[in-house]
Amino acid sequence: MALVFLPALARMAVCGGTHGNELSGVYVVQEMERQWKEKGECAWPIPVTTVLSNPRAVKECRRYIEKDMNRCFNRATLSSPITDSSPYEVRRAHELNNLLGPKGSTDAIDLICDLHNTTANMGLTLIHYTTSDWVTLHICKYLQTKLTKVPVRVLVLDVPISDAYSLESVSKHGFSIEVGPQPHGVVRADIYTIMKEAVDLTIDWIHKFSSGMVFEGGDVEAFRFIKSVDYPRDPETRTLTAAIHPQLQDRDFCLLKRGDPLFLSFSGETVKYEEEEPLHPFFINEAAYYEKEIAFHLGKKMMLTIPSVQVQKD
Amino acid sequence: MQMDRHSHLWRNAVAMPTVSRVAVCGGTHGNELAGVYLVRERLKRRADGTEPVSVVTVMSNPRAVQLCVRYVETDLNRCFTRATLSAPVSETSPYEMIRSQELNALLGPKGSAQAVDLLCDLHNTTANTGLCLITYSDCDWICLHICKHLQREMASTPVRYVHFDIPLNEAYSLDSVGKHGFAMEIGPQPHSVVRSVIFSAMQEGVQLMMDWICQFNSGTLFEGGWVDVYTMVKNIDYPRDSETHVITAAVHPNLQDRDFCLLHPGDPMFLSFSGETLRYKGKEALYPFFINEGAYYEKGIALSLARKRRVEIPSVRSETLR
């Protein structure tokens, strides 16, 4: 297979607390800051910036104060001027764009790794906006080989970068590390450990890549987002009339076929999947998505082929 | 012989007043959703007036439910002490304080003859507790018999009786307003999420409670026996940074999800974020519960510890029928 030469990655950022109640990321960043205080630049083999993305939301242990910060990084929001009435998270998004971007410019940091938790049973899921970033896809492949105790999956949201609204779209390369299941407002030791290992392995990959190691290409299995499905709701009050069916609950990334149960109403009726095309559900019963009218997402499995890569020598 | 034994049991059973008025409350914490949806479901199917027991179904904290938060200004389930219930309120008082006095007027007054006979308050926890009936008494035969009934009838859910040894005046939770009362706590469920099996377990628990009450009121004699009672001894906080007060460790993987499994001195309790294991330093082996409850981080509680003992309960029957 042909070898592709890619520019070096000078610096990466690890961001936690983008949602203030997703606690593994908050404590990974806290621990990394402690390590930096103790060892300075020697804490890691490559330069790493750690960021607590939404400090006010972290302090109050809420997802956000006024507006979901992880929806504030699209070009429209970043280019609108800040006024007195701008929500806190929009101001903070501008600050983070100055610190880690500007998005789309050559000054932007090379890699952002944004840490998230979900109440859904998604194991470790690496989320990207594009199917053609060889760096982040190689990192995914590396994590899949090294992390054996938890399923490691790749999720692709095929959105053009300028429309991309989340924090990791600010850097040249970016992805989110999503680990679940963990209730919001809770930190579980097992989930924290998985997230910390994923960050350490990402740093490890960049170090090896920068040192000239060749990473063999191959196929990476990924799931592409197709659409979302909402809960059955009362037409007047909009409150839920059903919960995720026990046979679907916790079965993220399984194959959903026509006739499979989706919801069990509070009065005992089953609602089934009626579509012809079998798809894979994920983010099943994520707490923060009730208000976004999402019970789960559906995706299609696909194979991405990535080339062997090596760092470009000057 | 059967008749003799039956008469013997009948004469020796404790006769207790019928449980004529029952309250089922949900949404006392607005983000504990199984109770919220169970109350909504019950309100949709309003009684047709033929039930043998009168039930009032209440959404305790509607504003918190609307916002899907535990509370708006202060934890409603800490507002039922005598002091808080009798304090003067104004428009500027915290919403939950005003609401606690409304609920006390509706379902109480606490300690009076007008109070509902039984108050069942529905809760969820992020901890792996199964179903717990949580009360302030270890000798309330009604509550203990209901617990025994649920334990007998609920095949797939562990059911336990948890006791907080606090006098009625200082009892701070909604369930203390009824003549008999308990919180029906079911976990694990993340806050702001409703899980179907948890909703079903809560629905089953409430239905079995109502079945027991109806049978009791109709004159059924319930034979005595024993119930394991877990009495709360103390709380343990997370290790924290002495300056910032931020937590420096999570519950240890060996302890996480192991509610009601005996914790021995020396057993791992916490795993610090830098990888060190911290162990239980107490001298007495105790039963942990509410391990890693999300709402308790701000209250300085990582887990609670209880002693277990076997409590003998007498046979009981309703006193109005012979």
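Any Cβ shown, glycine's included, is placed from N, Cα and C.
Automatic prediction, not curation, is the source of TrEMBL annotations.
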Subject >> Zn(2+) site partner of B:His29, B:Glu32 (as recorded in TrEMBL), chosen from B:His6, B:His8, B:His123 >> reply: B:His123
**OP:** Show which residues of the chain containing B:Glu32 (Zn(2+) binding site), separated from it by at least 6 in sequence, have their CB under 8 Å from its CB.
**Re:** B:Gly26, B:Arg70, B:Leu122, B:His123, B:Asn124, B:Thr125, B:Gln189, B:His191
Original post:
When DSSP states are folded down to helix, strand and coil, where does B:Glu32 (Zn(2+) binding site) land?
Top reply: coil
Original post:
Using Cα coordinates, what distance in whole Å links B:His29 (Zn(2+) binding site) and B:Glu185 (active site, proton donor/acceptor)?
Top reply: 12
**OP:** Kindly report the helix/strand/coil residue split of the domain 'AstE/AspA barrel-sandwich hybrid' (B:227-308) according to DSSP, in that order.
**Re:** 3 helix, 34 strand, 45 coil
Subject >> Assigned element (helix, strand, coil) containing B:Glu185 (active site, proton donor/acceptor), judged by DSSP >> reply: strand
